[in-house]
Structure formats: structure tokens, C-alpha cells
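Features of the protein shown, as given by Swiss-Prot:
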ACT_SITE  H179  active site, proton acceptor
BINDING   V17, D38, K43, Y69, G83, A84, S105, A122, T123, N124, S147  NAD(+) binding site
BINDING   Q86, R92, N124, P125, V126, D127, D152, T153, A154, R155, T232  substrate binding site
BINDING   R157, H172  beta-D-fructose 1,6-bisphosphate binding site
MOD_RES   Y223  phosphotyrosine
Amino acid sequence: MEKFKGNKVVLVGNGAVGSSYAFAMLNQGACDEFVIIDLNEDKAKGDAMDLNHGVVYAPSPMQVKYGTYEDCHDASLIVICAGAAQKPGETRLDLVGKNMKIFKSIVDEIMKSGFDGIFLIATNPVDVLTYAVQKFSGLPENQVIGSGTILDTARFRHLLSQEFNVSPNSVHGYIIGEHGDSELAVWSGTNIAGNSLYDILNENPEKQKLIEEIFVNTRDAAYEIIKAKGATYYGVAMGLMRISKAILNNENVVLTVSAKLNGEYGHDDVYIGVPAIINRNGIREVLETPLNTEEKEKFAKSVETLKAIQTPFFS
């Protein structure tokens, strides 16, 4: 689809995830102007210079610069990757207290600029912090999006593709719920090239035992990567890039993001990972993918987990 002209993206937080996202943006050429905001001014300026030197080989012209919160006033999209890092052995939800304070100050500064675009949140715990950004900013719910389970879904599709020796693009299935320990796989709706996974397993019963392993490996992938190299950033950066392109190119594509529920799935007042249609206005619509009884129960528990975390801050 045609790219809207005058696209401006602001990145807040130029750490491992943020800088990986910036590099992905340069390689995919989805915006015209890219601004980096970070407390470490020298690194942000250095990255802007480094990225600009690669523009000549990028698919489209893009201006990259270091900036301040004043640059947010005419941005189409602000991507927040700032916050305290997740440490080995620490769950995403352990981070909430530290990052809530950081986010309040960031969002206040952004809104002072007159910003009225779309927020895309990546910092963990992403569902709770996306909820916080909507509350802090006062923007309409459709204009505040979290990365949600977009990476979990990608991991899920990758692992299934490896097991069945097909392209991940031919694997269709979702991880929904909290981006964290209470997430769940929608096994009942998973298919490979239109063939129900349940039907495939009936024909290949020897693979049945591998299914739970695939989910566990999907859910716990971040912990394994953090143990090995200290942080995850390439995968989530690509997920952020996919959401960004859906917004900037007005794609109306379905992605599993953290979206606000208002009665969908029988729940409300929570941001959580669900399939949603994404376009230039942000979240056009939350889609209610069919769930079986067990999946509904697990999803309800995931909602409870997130509400228990956010309630002390927004009761």
C-alpha cells in the first residue's frame, strides 16, 4: 500500500531494543524522518550519525537526527523503548514499579509538545505500561498500542514451522494474553496452510507430545535468551517494525498487539495481547478469535494477572 508522505517517527529510549528498531527502520525505509531521544545524548547523536551514513544504501531517503521532546509535536508515531532493563531471573511484572515512574515523566514531556499521534510501547511489562500511557496521556484508546504478544506469536510460528518443516508464513496461530508467564496459545485456531493443527496431530500422534514443549519454549524463550546474552532485542525490534509499517502504511492488517478491551472476550479495562486490525489510526478494531473453554479460562486468568498489577496504581 502507498506510504503516507510526511511520516515522522520518534524513538524514546536508544538502548539495545531502541537502536535495533532504528536499524530495522533504516533498512525498511518506512518513514521520512526519524528522531532519537535518549538520556545518553552522546550515544543518541552517535547513532544518528552512524545511521545517516547508511541512508545511501537504504530503500528510501530518511533523515535521522538526535532530538528532544519538542520534536514530538508533529510526529505520526512515537515508539517508547525506554525504561529499566529486565535482569536475569526477574519477570516482566517485577519491573512495573520502576518503569511506571519513568513513563509518567516521559509521557508528561511528550504531551506538553502537543503530540496527537500514535504511541507504540515496547517496555516491559508492556501490557501494564501501555495501559499507563493511555491514562497518563489522555489520548483515545486506539492511539495507544503495546507490542503485546507480537513477538510471542512470531516465536510460536517459528517453532511450529521448524517442527513441521514449512515456512513460518504458512503457519497461522496466535499467542494471546499477557506478554509474559500467563500467556496462552490458541491451539484450537492454529492451522498450517489451512489444515487444522488438531487434524494434523490426529494423523501424526507421535508429534502430540511436542506441542506442549513448543508452547513452553515459546513462553520461556526470553528467559533463555537473557541468560545467554543479557537481553532480547532483535526479535522485538522486528515486531515493532512490523507494527510501525502497518500504522504508517495504513495496512489494515491483523497483528497480535496489546489493545484495550471494552467487552471483547468478556473483559474490559485492561490492555492485553489480542489480534487487532492495525492502520493509520492505530487500532481499528479488536478481533475476537474463537476460544475453547480451556482457552477462555486461561485468558481470564491472564486478565486477572494484569489487573492485579495495575490496580494499585490506577484504583
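The backbone N, Cα and C atoms fix where each Cβ goes, and this holds for glycine too.
These numbers come from a predicted model, not from an experiment.
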Near the Cβ of S147 (NAD(+) binding site), how many other Cβ atoms are there if near means within 10 Å? 30
Counting distance between Cα atoms, which of the binding-site residues Q86, N124, V126, T232 is nearest V17 (NAD(+) binding site)? T232
Which secondary structure state does DSSP assign to T123 (NAD(+) binding site), in the simple three-class scheme? coil
Starting from each candidate's C-beta and looking 10 angstroms out, tell me which of the binding-site residues S105, N124, T232 has the most other C-beta atoms. N124
Cβ atoms near R157 (beta-D-fructose 1,6-bisphosphate binding site) (within 10 Å, other residues, all chains): 22
What whole-number Å value do you get for the CA-CA distance of D152 (substrate binding site) and H172 (beta-D-fructose 1,6-bisphosphate binding site)? 13
Cα-to-Cα gap, R157 (beta-D-fructose 1,6-bisphosphate binding site) vs G83 (NAD(+) binding site), nearest whole Å: 28
Could you measure the widest C-alpha to C-alpha distance across V17, D38, K43, Y69, G83, A84, S105, A122, T123, N124, S147, the residues recorded as binding NAD(+), and give it to a whole number of angstrom? 25
How would DSSP class H172 (beta-D-fructose 1,6-bisphosphate binding site) in three states? strand
In angstrom units, rounded to an integer, how far apart are the Cα atoms of Q86 (substrate binding site) and T123 (NAD(+) binding site)? 10
Given the binding-site residues Q86, T123, and counting only Cβ atoms in the protein chains shown, which has the most within 10 Å of its Cβ? T123
Checking the contact step here: among the binding-site residues N124, V126, A154, which have a Cα within 10 Å of the Cα of G83 (NAD(+) binding site)? N124
